[in-house]
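Asks: Questions regarding the structure given below will be posed in turn.
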Amino acid sequence: MEKNLSSRDDDALHSLSASSSYDSVYDLLHYHERGNGLTINGKPSYSIEDAGDQITRDNVSWNGSNVFGKSANLTFKFLQSARSTPDGDTGFVKFNAAQVAQAKLALQSWADLANITFTEVTGNQSANVTFGNYTRDSSGRLDYGTQAYAYLPGSGSASGTTWYNYNVDNIRSPDKMEYGRQTLTHEIGHALGLNHPGDYNAGEGNPTYREDTRQFSIMSYWSEKNTGGDFKGHYAAGPMLDDIDAIQRLYGANMTTRTGDTVYGFNSNTDRDFYTATSSSKALIFSVWDAGGKHTFDFSGYSNNQRINLNEGSLSDVGGLKGNVSIAHGVTIENAIGGSGNDLLIGNNADNILRGGAGDDILYGGGGADRLYGGSGRDTFVYTAVSDSKVAAPDWILDFQTGVDKIDLSALNTGNNLHFVNQFSGSGGEILLNWDSSASVSNLYLNLDNNTSPEFQVKIVGQVSQTADFVV
């Protein structure tokens, strides 16, 4: 699904500054555009697909070398003893209960994305992916310098093994410290065939491309702040936007994941902790993979000003963080619920339901027959093209407050000739506002062509004033 406005010659329109509300919509739709030959600060920008290729550049999986999109039934094991790690580290400690529980959650987060199954084995049975702790380096000294490491799939004895430094607090308590959970997900990524996005290790080296940060990949070592994000010291628990493309390149997309109607955020029914907000203090950092159904972003419990974009591949600012929520390619999220701040909600080409909630919100439905609720506060409903609300399938604005809310048509007034009329004359640039008293609905029509047939219609519950309620 293409981003609304992306194929239009809208840069010139943006320079005209149609309105501040339109500018807000434009800025979010063009937030972190990537690929297409862009170079930022001397680094090439990679598309999601190119980044996925880069992260899996060794082209290895548990199906062998250069085998792509093939499912795998894998086993995993929590080691009970080990003389040393493949790197020679010693002082083995088996996983504690918190580590076991968090490792299983991390495994599930990968299985949700791709055609991978994980079965636990014990005893003398071999496993594809194993887990163990160490405490001392190869010289026998207590090791406080490393966090963890893992090995790619293969036929060697080290292949798929993952190792964790038990001297590190977040490793011992990944249930209480976010970086410990992120480390588990990161190392499992290696054991499945994912590399770091660049040719570096343990913080040494430089990123290869612009999007090599934790905003886009849990396999990255670089802060999200390098690409304009801000997680306020929090860390992702599950794979991020580019990781989804990477793991699906190797094993294929899991098309059985969340095929029903799913809610992300508050009132979540995902059964995944990183998709679930239980209070306004919960920091959500996630990228959505979803195989079907009708889906909702519910960020109603936050009082921060939020920017929510439902287009695939997009980034949203949620709960006081920046660029912390994204949507994978091929995923359609139909609905969004804002909080009590001044939120910006942007739909996609599906039939969206957008609810602004309290605050002075801006709603842009984009294509499709959308149902829009501004909520309390002074809300603005933005339209940028006649295709945003067609006569055959119009938008509905369902809680418009006359004299308070606004309908912003300024982006359609490119020739400064948009004007209200009592009936269409056959000239372009005409707006007709019709009140249907029997249904208590105002019908807004636009005719931009030189004929008497409107190309655009919005249905508004309640009576609307052409002098008080429009930005033209």
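The backbone N, Cα and C atoms fix where each Cβ goes, and this holds for glycine too.
Found this in Swiss-Prot, in case it helps:
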- E187: active site (ACT_SITE)
- H186, H190, Y221: Zn(2+) binding site (BINDING)
- R258, G260, T262, D290, G292: Ca(2+) 1 binding site (BINDING)
- G293, T332, E334: Ca(2+) 2 binding site (BINDING)
- G339, G341, D343, G356, A358, D361: Ca(2+) 3 binding site (BINDING)
- N348, A350, N352, G365, G367, D370: Ca(2+) 4 binding site (BINDING)
- 337-354: repeat 'Hemolysin-type calcium-binding 1' (REPEAT)
- 355-372: repeat 'Hemolysin-type calcium-binding 2' (REPEAT)
Asks: Measuring Cα to Cα, how many angstrom lie between T332 (Ca(2+) 2 binding site) and R258 (Ca(2+) 1 binding site)?
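Replies: Computed Cα spacing between T332 (Ca(2+) 2 binding site) and R258 (Ca(2+) 1 binding site) is 12 Å.
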Asks: When you tally the Cβ atoms that lie within 10 Å of each candidate's Cβ, which of the binding-site residues (T262, T332) has the highest tally?
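Replies: Its Cβ has the most other Cβ atoms within 10 Å: T262.
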Asks: Just to verify a number: CA distance, D290 (Ca(2+) 1 binding site) to E334 (Ca(2+) 2 binding site), in angstrom, no decimals.
Replies: 12
Asks: Can you give me the Cα-Cα distance between G339 (Ca(2+) 3 binding site) and G293 (Ca(2+) 2 binding site) in Å, rounded to a whole number?
Replies: 24
Asks: Other than its own, how many Cβ atoms are within 10 Å of the Cβ belonging to E187 (active site)?
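Replies: So the number of other Cβ atoms within 10 Å of E187 (active site) is 24.
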Asks: If we check Cα distances from E334 (Ca(2+) 2 binding site), which of the binding-site residues H190, N352, D361, G365 wins as closest?
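Replies: Comparing Cα positions, the candidate nearest E334 (Ca(2+) 2 binding site) turns out to be N352.
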Asks: Where does the mean pLDDT land for the repeat 'Hemolysin-type calcium-binding 2' (355-372)?
Replies: 99
Asks: Within 10 Å of the Cβ of R258 (Ca(2+) 1 binding site), how many other Cβ atoms can be counted across all chains shown?
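Replies: So the Cβ neighbour count for R258 (Ca(2+) 1 binding site) comes to 22.
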Asks: Treating G and I as helix alongside H, and B as strand alongside E, what does DSSP give for the repeat 'Hemolysin-type calcium-binding 1' (337-354) in helix, strand and coil?
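Replies: Split by secondary structure, the repeat 'Hemolysin-type calcium-binding 1' (337-354) comes out as 0 helix, 6 strand, 12 coil.
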Asks: What subset of the recorded positions E187, H190, G293, D343, A358, G367 lies within 10 angstroms of T262 (Ca(2+) 1 binding site), using C-alpha positions?
Replies: G293
Asks: Have a look at the binding-site residues H190, G260, G293, N352 and say which one has the shortest Cα distance to D343 (Ca(2+) 3 binding site).
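Replies: Checked the binding-site residues H190, G260, G293, N352; minimum Cα distance to D343 (Ca(2+) 3 binding site) goes to N352.
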Asks: Among the binding-site residues listed here, G260, G292, G339, G367, whose Cβ has the fewest other Cβ atoms inside 10 Å?
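Replies: Selected from the binding-site residues G260, G292, G339, G367 on minimum Cβ neighbours within 10 Å: G260.
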Asks: From the Cα of G260 (Ca(2+) 1 binding site) across to the Cα of G367 (Ca(2+) 4 binding site), what is the distance in angstrom?
Replies: 23
Asks: At 10 angstroms around each C-beta, which of the binding-site residues A350, A358 has the fewest other C-beta atoms nearby?
Replies: A358
Asks: Given a separation of at least six residues and a C-beta threshold under 8 Å, show me what packs close to H186 (Zn(2+) binding site) in the same chain.
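Replies: Non-local contacts for H186 (Zn(2+) binding site): A148, I218, M219.
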